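Working notes, structure below.
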Amino acid sequence: MNYQMITTDDALASLCEAVRAFPAIALDTEFVRTRTYYPQLGLIQLFDGEHLALIDPLGITDWSPLKAILRDPSITKFLHAGSEDLEVFLNVFGELPQPLIDTQILAAFCGRPMSWGFASMVEEYSGVTLDKSESRTDWLARPLTERQCEYAAADVWYLLPITAKLMVETEASGWLPAALDECRLMQMRRQEVVAPEDAWRDITNAWQLRTRQLACLQLLADWRLRKARERDLAVNFVVREEHLWSVARYMPGSLGELDSLGLSGSEIRFHGKTLLALVEKAQTLPEDALPQPMLNLMDMPGYRKAFKAIKSLITDVSETHKISAELLASRRQINQLLNWHWKLKPQNNLPELISGWRGELMAEALHNLLQEYPQ
């Protein structure tokens, strides 16, 4: 593999000009995310069939040539298991590569495992066993070693030739339109951003709290998410989730009480007064400003029967259409559908099981089934 290390704006512009002559590119990123809220970009890998490039973001100030490539509709971008890479692109460039196809999704429609790893795919299609020893390396450290660079370059060097085979295979299976729809769904999921005022809904065991405690949790979770984004710090490095829940549950009135709830010294030192102020604010809210009690999906009287009935329907659809039941519906998607049906959580879009390619296969049957399970 003869790769080119791109470390300057001029080199990036020259590379992108050359890439424009090709109809498809393989992309990958290397990043670090240990304590930060946002992934920290360490490297971008690109291969168009002729130019194999490692783009070092630490030396680039003008990203406009690459952004133009990413949004060029005449160049298809291929990634493998690219959901986290998409988050990197959104964070760095404010947009996603378009059009985009994920080879892990293509492979799933061709009967491969749902989470088929890149190394397994390369071994099957190319007969090459990849060295994955650098997968946990520090991609922000400089200089990068030759071994690191070769590891990174291999991710796109082997990916691009495989894409053509997978596209043919998926099209022959008759599932290519559905696979492309699933790629669009992956992008849509990645672009969903939690509003701080809704962050409390994602706190484990929030449903166990009463209304004023929920109001307190709403204030605490809103503050924590804003602080995490502002400081680029993972939310649990601001205040741990279980500690946030405990503060909402017991609504302490002193730093000593925070300590007795098990909060760490640093949590109390840096945020103790803020937490107490938010508790006090929740204490003074009028009754009509309190949120409605949360209902736990799994405690709904018909949940187990409804879940089992949906699973049975999915098995039937899977066998009829000769497609993996695991690909057709996950536990998360079934729960999303039931949350929507029983109006337990606000949702901006139709549940995934009754929209897109899945909806074409089973929306009508699911709607009929759900009528048997009113709230």
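Every residue, even glycine, has its Cβ placed from backbone N, Cα and C.
If you check Swiss-Prot, you get these features:
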- 3-169: domain '3'-5' exonuclease' (DOMAIN)
- 210-289: domain 'HRDC' (DOMAIN)
What are the helix, strand and coil residue counts for the domain 'HRDC' (210-289) according to DSSP?
63 helix, 0 strand, 17 coil
Rounded mean pLDDT within the domain 'HRDC' (210-289) lands at 98
